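Presented below is the structure to which this report refers.
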Ligand code: HEM
Ligand code: HEM
């Protein structure tokens, strides 16, 4: 396997470059629209905790809007954003053009069709049941599956045509992420598991594999390309990257049962899930060390590079969020935190602090290279600081509040006391959420400048070259 990002552009014409840039831009713009929509809904939900009767009309009830927020951040924002990045990384790191531009557009149409149809269905009250992150009616889930298959085919075709000898590490993560998710999506849709305890087990399997075998490998694939690219140096250890890849595959699929500790699922299955949750420290710490060591000695450069700052926050979000997940998986901790707002804090530390920051870092690092347009310095700084401070407030408030909530339940205090105790923390979450949402508006403006609008003054995302690597 090759150890560095050594794309050769000889096999790629200017026309191929333009077509790839158009695909990457379209995926990014589309994902950004979903981010704006889904987090506007998230913000409304956050304020409903303080004012439950606010906009309580049938179509604006919490029960309808919550799955719209979660599914659209997952399948509209993060999925489409990551697939756009995966296409760019696959083509560039393989030194070739995209296998099929047409398939990329078809995939984008299918992803959007699924998200639009899913949103309308949920809004009208057609919900597949309390199956978290797969509430869309099953025919719509099949459209999403079709989008995944098209994407997988296109990525494999691209990597198969590479002009480099080896398959660059990023592509192991992204291609396999798509293939694993096809398997997960099929298992989660097959009708004969969807009743009784089997359904519970499959729900655990689906929920954590959606985050661990879809968003995680795609985001890690972006790190392995973008960090060396920005720093113009090779990754610290290619072998460690391969090791983290295989251990991620080995440990992740078996930990979903930790969502259902103390449930009627067999005790041994729950214990297995806890053991594998602990084992996950191996790929998480190994992978994080690899990214941080790649940045060693260059931390001062971060002050000149917002793309690198976004990625640095994402690496820390991955490290802290996943380690927190391991701690959360112990029975003694679940006794306090299960079903509390602490878990919502964990979801946002990981899906926001890790995945969303990774998508932003990837876009700021790579989209200007594709379109030759930059965001403005002020715009990118505003986006970074508002998103960082907002999410910090969000996660800290829910972590403290969720712990108090859990202790109230554990001590069998009246339920209403836990609601009263949480009230100030929900207000803080709303304040953090507002900052996060405002940062998304600035991000949309930055995307406009990197695609169709007038270029800004942020300059090249690539820092001065040091030793080795990166074409
Ligand atoms: C070593 C890695 C990780 C472990 C061991 C872990 C563990 C856990 C545990 C124990 C829960 C709480 C279950 C409950 O109380 O109901 C949870 C929830 C969750 N985790 Fe993680 N986590 C890890 C990494 C991640 C990552 C990287 C992401 C996102 C990319 C993520 C996203 C989520 C989400 C969205 C939930 C909420 C699920 C729900 O709706 O109940 N986790 N995790
Ligand atoms: C302005 C930014 C955001 C706000 C204000 C916000 C707000 C919310 C609220 C109020 C909930 C419901 C919590 C509950 O039921 O107790 C929620 C759930 C959730 N949100 Fe967000 N959100 C934001 C951004 C995001 C993003 C960008 C993602 C993913 C990329 C995301 C993923 C989730 C997930 C996975 C859950 C379910 C949590 C769980 O069950 O543990 N959110 N969000």
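Easy rule for this one: first residue shown is 1, then count along the chain.
Cβ coordinates come from backbone N, Cα and C, glycine included.
In TrEMBL this protein carries:
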DOMAIN    205-448  domain 'Cytochrome oxidase subunit I profile'
TRANSMEM  20-47  transmembrane segment
TRANSMEM  74-91  transmembrane segment
TRANSMEM  103-126  transmembrane segment
TRANSMEM  138-160  transmembrane segment
TRANSMEM  172-193  transmembrane segment
TRANSMEM  205-226  transmembrane segment
TRANSMEM  235-255  transmembrane segment
TRANSMEM  267-293  transmembrane segment
TRANSMEM  305-321  transmembrane segment
TRANSMEM  349-370  transmembrane segment
TRANSMEM  382-406  transmembrane segment
TRANSMEM  426-448  transmembrane segment
What residues elsewhere in the chain lie close to the transmembrane segment (172-193), defined as a C-beta under 8 angstroms and at least 6 residues from its ends?
86, 89-90, 131, 134, 138, 141-142, 144-145, 148-149, 151-152, 155-156, 159, 199, 201-202, 205-206, 209-210, 213-214, 216-218, 220-221, 224, 242, 245, 249
Considering only Cβ pairs under 8 Å, which range in 74-91, 138-160, 305-321, 349-370, 426-448 makes the most contacts with the transmembrane segment (267-293)?
305-321
Tertiary contacts of the transmembrane segment (103-126), defined by C-beta under 8 angstroms and 6+ residue spacing from its ends, are 23, 26-27, 30, 34, 59, 64, 67-68, 71-72, 75-76, 79-80, 83, 87, 135-137, 140-141, 143-144, 146-147, 150-151, 153-154
Pairs of Cβ atoms less than 8 Å apart decide it: which stretch in 20-47, 305-321, 382-406, 426-448 has the most with the transmembrane segment (349-370)?
305-321
Could you pull out which residues elsewhere in the chain have a CB under 8 Å from any CB of the transmembrane segment (74-91), counting only those six or more residues past its ends?
12, 20, 23-24, 26-28, 30-35, 37-38, 97-98, 104, 107-108, 111-112, 114-115, 118, 133, 144, 151, 154-155, 158-159, 170-171, 174-175, 178, 210, 214-215, 218-219, 221-222, 225, 351, 355-356, 359, 362-363, 366, 370
Restricting to the same chain and to residues at least six past its boundaries, which positions have a Cβ under 8 Å from a Cβ of the transmembrane segment (426-448)?
28-29, 32, 35-36, 39-40, 42-43, 46-47, 49-50, 352, 360, 363-364, 367, 375-376, 379-380, 382-384, 386-387, 389-395, 397-398, 401, 456
Cβ under 8 Å to the transmembrane segment (305-321), counting only same-chain residues 6 or more beyond its ends: which ones?
216, 219-220, 223, 226-227, 230-231, 284-285, 287-288, 291-292, 295, 346, 349-350, 352-355, 357-358, 360-362, 364-365, 380-381, 384, 388, 458, 461, 463
